Structures are given as C-alpha cells and as structure tokens.
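To start, the structure under review is shown below, and the notes come after it.
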Amino acid sequence: MCDGRADCTSKRDESLELCGSDQPVAQTAPTCAPSEFRCGDGECIRHVWRCDNTPDCSDGSDEEDCNQNECLVNNGGCSHRCVDLPMGFLCQCPDHMKLVDDSRCEEVDVCLERDVCDQLCVYSSRSITCDCHEGYRPGSTTGECTAEGDEAQLVFTTSKGVQLMSLFGADHETLAPHLPGRGPVAAVTSNRTLYWAKQGQNFIYRISVDKEPQEATLVQKVQGSVSGLAVDWIHRLLYWTSPDQGSVNVALMDGSSEHPLITGLDEPSAVAVDPLQGFVFWTQCGSAPKIERAGLDGRRRTALVTSSLNQPVAITLDIPRQLLYWFDQRTRSISRVTYEGRHRKTVVESNGYLDRVFGLAVFEGFLYWSDEVTRSICRANKHDGKNLQVLLSDIPSAGGVAIIQPVLQPNGPAMCGRPGTACPHTCLVDLQPERIRFSCVSPETRSNKPQTPEISNIVPAATFSVLTFAGILSLIIFLSVLLLGGVLWWWRRLRLQPSRTSSALSFSLKDSQDPLISQESHSRTRTFLIEDLLLKVDLDSD
C-alpha cells in the first residue's frame, strides 16, 4: 500500500485519498539485459534457464511455450551463434572465442587461460614466454617473479590491535595495542605508513610502522561507518567505502578534505585503487551485487561483474597483471577478472579456510587472506589455489590485511583523473564539497592562474625509480671524471711552457753584466719568470 505499485485491481491501495499527494514514484518493471529472459511478473532470469524443465520464474513463465524456436527472439540472448534444440537452445562461439556466462563469447587469451606467468606473458609460435616487471627477479625455469629489495611484511588488524609479521616466519608484533578491533587497513610503502579504521565506526587513523612509540593520529572523522580503505600513493589520496552512506568517498591523505565520489550504492563493502592506470574499483553487496570501476574522479563508471555474484566482501588488485580478485562470501570462493571485466576465473574454492574472509591481498605469486572463523592468516597460489599454507593461527577476530614492500607501489606518471593519459606537467588535485577535479597544469599556465581557496594536492610531473636515479648518477660521475682528466691535462701542458721560458731567461741573466742583475739573479729569478709569463700571455691576447 502506497508503495508506488498498484496491488489491488481497483488501484485503491495507491489512491490519492489513502496515500495523499506525496506518493513515491511508480515503480517500473526492471529492464532485462539481452542475455536475460523477462518473466511474466517482470523478473529477469538468465535466458539459458528458459525451457530447461525447471521453473526459475516465480510464476513459471520460463517453462511456457517451449515448442517455439527461442533463437528467433533476440537470438536467444546469445552474443554470436544460437542453436535451437528440441527442448531449449544452445549458445555457441567461433573457434577463436570461448563461451562466458552461457551466452556471451569473448576472445581467448592464451596467457590467462594457461595462467602460468606471475606477471608478463608473451604467446608466440604456440609457446609462452614469461618475464617480470622492473623490481622483480624472474625464476630460472618457472614463470615466478620475486620482489627485489626489502623483505615483505604483512599487516593485519585484530581485536588486540594492529599487528605486523614477516611473510617468511611466524613471528609477529603488535604495532598499536591501543587500537583494538578488526577493520580495513591500507599501507603507503614509501614512508611505511598505515591507515586503519575500526569496523562499524567512522574514524580513520594513521600510524607509522617504524616510529617509536607507534602513536595513532586521527586523520578523518567521516560520515557513516567505514567498510573498505585504499590509498592512491601517486596523487596522495585516500579512498573508502561507507555502507551507511551508500558511497565511495575520497579525501587528501592528511584528512584536510572529504568528498563523496560515488553515491547511491547498495551496501558498498570494499574499494581498491590503481593510480598507475587511473582507476578506482569497488563492490556492493545489496539486492543487486556488482563490482564496478571508474576514473579517480568518479567519472566513466563501468560495471565489471554483475552475474553469478552474491556477496563480494573483499577485493584486491594484481597491478602488474592488471587483474582484480574478489572474495564471495556466499560461494566461499576467490575469483578474478581483468580490469575490463573479462576472462573471469575462480581461483580458490572452499578449502576449509574460506569461511568468513575479511581482508584480501596479492603479492608475487600468492593470494593472502584473513579468515574470522578459522582465526587464521592464509595464502595460496594466485593461479590455481594450490599450495595452501596457514601462516598464522589463533588470531582473535582477524580483520583487514595489507602487504608492505616498495615494489608494490612503483613511481609513475600521474594519470590526473584521465585513465590511460599521463600528465606531462604538474597534476593539481582540487577537492571541494561538490566535486573533485584533476588539472594537468604546465608551469606557464600555473603562473597565470589566479589563486583560489580550493584545497589542492600537487603531484610532481615526473618521478624517478631507483634504477633510473642510479643510471643518472653514474652518468654524472663519468662526466665528472672526464672533466677532471681534461683539467689535469691542460694544467700539465701549461706547466711545461714555463719550464722552457725559464731555461731561456736563465741563460740571458747569466750573460748579463749588470751588477744588480748578477747579485739578485738567484733570488729574483722566480719573480721574473712569473712576470715574463704574464706579459707573454697579455701580448698573445692582444
């Protein structure tokens, strides 16, 4: 009654007399996708469920009129080829494509199909060659990539505080016992800083891993509770999801501003950011679960996963491969897709340690997660879910997880709000209550731009990696040595010229009959030599 939908045949339940003038907008039946069948009551189901001898519509309309050729109506919902059968139909794909979700065909990516390379993969002449990005060391015979430099550490939250452990040992330490309670956590590897929020509360804290003592700083008191956290280490931004507000939000890392980026969401649960590509990703677990993507400014919003999805409560990004992983609470599984929502694959299925996952991370060739039911921190192969290891057990209320290793957050050009387009100048990030704006500003434009009271975050035009800096430093040293050699050569040549002058002048002084010269010949020889040399230089210059 008075819900915008007429339930009585007379429509009295929606009459002006009973409901008044402030009636909700009439609800219309949902629009079904091309790959879906619309039931008699307006419900949408997968088209391939029609005429399969099992009623899927609540009114059973999907099992009516099954003698007809379903391929004649919207090609049966098939993206390519539809084959009519005596009972139902079948979708088929060309040889170079594969069937996805029973109705859609997509190109076969041999590298992702075989899934043996940790990072870079080249398929040529029916063979696969693996390689690694800068900062990683490739395996001699396998497709593994091992991070160089500092030993990686895993951070996780518990009811006893934020804790830190090595990936290669069971020892762990409590960083902040005064911050108890599980919740999402994100790390900035350049300065080893953590951002943490307690589940169900609206406070975001910052803590340094190396500073003694580890004192927590309140960064932001936000609107609504925090369910997910992520950092943009290039543009220096902090993103979080708020299920109470139904939004993805953004602020400067120092907490000086807050801006709702995406609104109108149904129970958003997690968020992840890839500033190198200029994307922010998030999940929602409401009545229509989905995983979406947008630019860092919230524009160009795209749905990546909308089907066969139930309760995606955690996500993480494999940035070197540009893959998104998520955990589905209902199916107790970890799956992945590309940044374009393609090549979906279930990697880890219920194995006894996927009962209630809170945090999820990926590093090198492994997925890491925390499980509240088994009170454990686990990891498994990110390609096929094998090699399950329990790294830590008996953890009270395990929460979010994050990995600290510099190679996970490499330097790169600022996308400046435009995915795929690097800013060659300085990127200005302006956060105002009504919007977030990225501006790629050249030095000339910036000097002529009037000063405004906007809250800005300046991103340098270019940053150098450690290897690039080492190369430049080596070049500077080489040129310095070359310059020094040239100076020494010139000095030695200049030194030889006065020697010849000294011999000639000594001979003249010896033959002179002037008594003054004879008496002072030894004491003033060096003075005459210098004066003669200076005079010679002056004459040559004239």
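Each position is counted from 1, following the chain as shown.
In case you wondered, yes, glycine gets a Cβ from its N, Cα and C as well.
TrEMBL annotations: computationally assigned, not manually curated.
Note that the structure is predicted; figures quoted are calculated from it, not measured.
Annotation in TrEMBL places CYS51 in a disulphide bond whose other cysteine, of CYS32, CYS39, CYS66, is CYS66.
Partner cysteine of CYS32, as given in TrEMBL, is CYS44 (from among CYS39, CYS44, disulfide bond). Between CYS39 and the candidates CYS19, CYS57, TrEMBL records the disulphide bond with CYS57. Sequence-distant contacts of the repeat 'LDL-receptor class B' (236-277) (same chain, six or more residues past either end, CB-CB distance under 8 Å): 184, 186, 188, 195, 197, 202, 204, 218-220, 222-230, 283-288, 292, 294, 296-298, 301, 312-317, 319, 322, 324, 326, 339, 410, 412, 414-415, 419-420, 429, 431-433, 435-436, 455, 457, 459. Around CYS66 (disulfide bond), taking its Cβ as the centre, 14 other Cβ atoms fall within 10 Å, counting all chains.
Rounded to a whole number, the distance between the Cα atoms of CYS44 (disulfide bond) and CYS57 (disulfide bond) is 8 Å.
Here the Cα atom of CYS39 (disulfide bond) is found 10 Å from that of CYS32 (disulfide bond). Annotated pair CYS51 (disulfide bond) and CYS32 (disulfide bond), C-alpha to C-alpha distance, rounded: 18 Å. Long-range contacts of the repeat 'LDL-receptor class B' (322-366) within the same chain: residues 100, 106, 109, 112-113, 115, 118, 136, 144-147, 152, 154, 156-157, 167, 182, 184-185, 270, 272, 274, 277, 279, 281, 283, 285, 291, 293, 302-305, 309-316, 372-374, 376, 378-385, 387-388, 390, 398-403, 405, 408, each at least 6 residues beyond the stretch ends and with a Cβ under 8 Å from a Cβ of the stretch. Tertiary neighbourhood of the domain 'EGF-like' (70-106): same-chain residues 34-37, 46-48, 50-53, 307-308, 342-344, selected by CB-CB distance under 8 Å and a gap of 6+ residues from either end.
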